[in-house]
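Trainee: Grabbed the feature section from Swiss-Prot, which reads as follows:
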- R40, R46: NADP(+) binding site (BINDING)
- R129, S130, S131, Q249, A250, G301, K316, P317, I318, P319, T320, R342: FMN binding site (BINDING)
Amino acid sequence: MFRYLTAGESHGPQLTAIIEGIPAGLKLSEESINVDLARRQGGYGRGGRMAIEKDQVEILSGVRWGKTIGSPITLCVKNRDWTNWQEKMSPQERFRDDNIHVTRSRPGHADLPGAMKYDHKDVRNILERSSARETAVRVAVGSVAKALLQHFEIYLCGYVAELGGIKAKRPELCPAELRATIAKSELYTCDSAVEGEMKKLIDEVKAAGDTVGGVVEVIASGVPAGLGSHVQWDRKLDARIAMAMMSIQAFKGVEIGLGFEAAARKGSNVHDEIFYDQSRASQGSMTGYYRLTNNAGGIEGGITNGEDILVRAAMKPIPTLYKPLRSVDIVSKEPFEATVERSDVCAVPAASVVAESVLAIELADAFMVKFGGDSIEEMQRNYAGYLEYLKNF
């Protein structure tokens with residue numbers, strides 16, 4: 001199975017992740033991971049920190065001469081802003097300074113509930129870890145997951161499907177063409193017809209001192225039928241995907257396939273009819289079974305059915321606003337208006353990269369559970385045997 005933990009604070013020296021379970025023999029490089037880190041830092045509407053941080057990963061263990069060796073993989077992403085925070089965030093008691101305590105909790109953040117839970121009078125102890133800066137190292141972890149999936153010809157593509165109520169229309173393109181289209185967009189959207197309108201909205205919102213959210217969509221193609229399980233609640237793949245998506249900072253809703261729209265339709269207009277053509281298996285398809293629609297989003301009963309996985313997730317507007325919101329000081333109990341030094345106006349494009357990463361992690365985990373081995377070669381043998389079985393099912 002694919003297990004990982006992340007550690008580190010937003011203004012600490014670095015973010016760290018340890019990944020366990022990756023088989024030996026998988027090609028992996030810092031350069032390939034850095035491509036995804038750069039994508040996360042891009043997108044129209046980002047704030048001042050992106051000018052400070054130019055994320056680069058360091059692989060500290062688990063990889064030798066460009067290939068995994070089967071032991072835990074350690075990744076780290078340095079925080080370049082650390083030089084300005086060494087004393088404020090020092091683990092050493094001699095640097096303690098009670099005069100720099102942050103006692104003004106910001107609406108929409110983890111500040112107040114976190115301080116209440118952990119008995120902190122300085123909400124910096126909460127905001128440093130709850131920050132979306134943590135997603136930098138999660139994207140690095142997701143890049144490792146994607147390397148595994150791509151080895152087995154499973155590909156993912158995340159993009160902005162909606163921004164501030166402006167909806168993009170996804171063109172009928174193959175996965176490679178869709179990724180190429182999104183790569184050309186400053187907003188990581190697949191619909192150039194609405195990109196200008198989206199950028200205009202971001203500019204207007206920025207001028208008003210506000211922020212804007214949106215919806216991201218991730219498609220995974222090449223996923224075989226049979227990942228996940230119906231036998232226990234925590235093995236259902238759609239449940240695991242939903243949890244992973246909701247773990248992303250500022251995400252407030254998840255849909256798989258038709259999602260909430262299915263509730264407004266009759267059953268005959270929701271469920272994907274099943275067809276069979278034996279010749280499809282001999283022409284490159286994994287199986288002779290196929291669908292004309294994909295309202296299920298590639299998952300039925302918690303199990304992949306061979307169609308593309310389609311996940312949508314909603315991101316709320318960033319709660320750090322230049323337009324002050326009212327709050328209360330947790331020490332003095334006096335009201336105040338929250339202020340900010342720097343913030344993104346819109347991070348939805350970056351969020352599409354994070355969503356792509358966490359979906360990759362869940363799919364990689366499900367794939368390893370199904371076809372696991374200690375080496376890539378062993379997994380290949382297991383997978384090849386399963387594909388042969390599917391063709392004749």
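Counting starts with 1 at the first residue shown.
Cβ from N, Cα, C; glycine included.
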Trainee: Look up R129 (FMN binding site) in the DSSP assignment and reduce it to helix, strand or coil.
Mentor: helix
Trainee: Rounded to the nearest angstrom, how far is the Cα of R40 (NADP(+) binding site) from the Cα of I318 (FMN binding site)?
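Mentor: Per the Cα atoms, I318 (FMN binding site) and R40 (NADP(+) binding site) stand 16 Å apart.
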Trainee: Enter the number of other CB atoms within 10 angstroms of the CB of S131 (FMN binding site).
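Mentor: 18, counting other Cβ atoms within 10 Å of S131 (FMN binding site).
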Trainee: Within 10 angstroms of the C-beta of R46 (NADP(+) binding site), what count of other C-beta atoms is obtained when all protein chains are considered?
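Mentor: So the number of other Cβ atoms within 10 Å of R46 (NADP(+) binding site) is 17.
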Trainee: Using DSSP and three states only, what is A250 (FMN binding site)?
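Mentor: Note: A250 (FMN binding site) is coil by DSSP, not helix or strand.
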Trainee: Under a three-state reading of DSSP, tell me whether I318 (FMN binding site) is helix, strand or coil.
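Mentor: SS state of I318 (FMN binding site) = coil.
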Trainee: Within 10 Å of the Cβ of R129 (FMN binding site), how many other Cβ atoms are there?
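Mentor: Around R129 (FMN binding site), other Cβ atoms within 10 Å: 17.
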Trainee: Whose Cβ, among the binding-site residues R40, K316, has more other Cβ atoms within 10 Å than any of the rest?
Mentor: R40
Trainee: With the cut-off set at 10 Å between Cβ atoms, which of these binding-site residues ends up with the most neighbours? Options: A250, I318.
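Mentor: In terms of Cβ crowding, the pick is I318.
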Trainee: Please report how many Å separate the Cα atom of K316 (FMN binding site) from that of R40 (NADP(+) binding site), as a whole number.
Mentor: 17
Trainee: Please report the distance from the Cα of A250 (FMN binding site) to the Cα of R46 (NADP(+) binding site), rounded to the nearest angstrom.
Mentor: 15
Trainee: How many neighbouring Cβ atoms, not counting its own, are there within 10 Å of the Cβ of T320 (FMN binding site)?
Mentor: 22
Trainee: Given the binding-site residues R129, S131, T320, which one's Cα is the least distant from that of R46 (NADP(+) binding site)?
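Mentor: Closest candidate to R46 (NADP(+) binding site), judged by Cα separation, is T320.
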Trainee: About how far apart, in whole Å, are the alpha carbons (Cα) of R40 (NADP(+) binding site) and R129 (FMN binding site)?
Mentor: 18
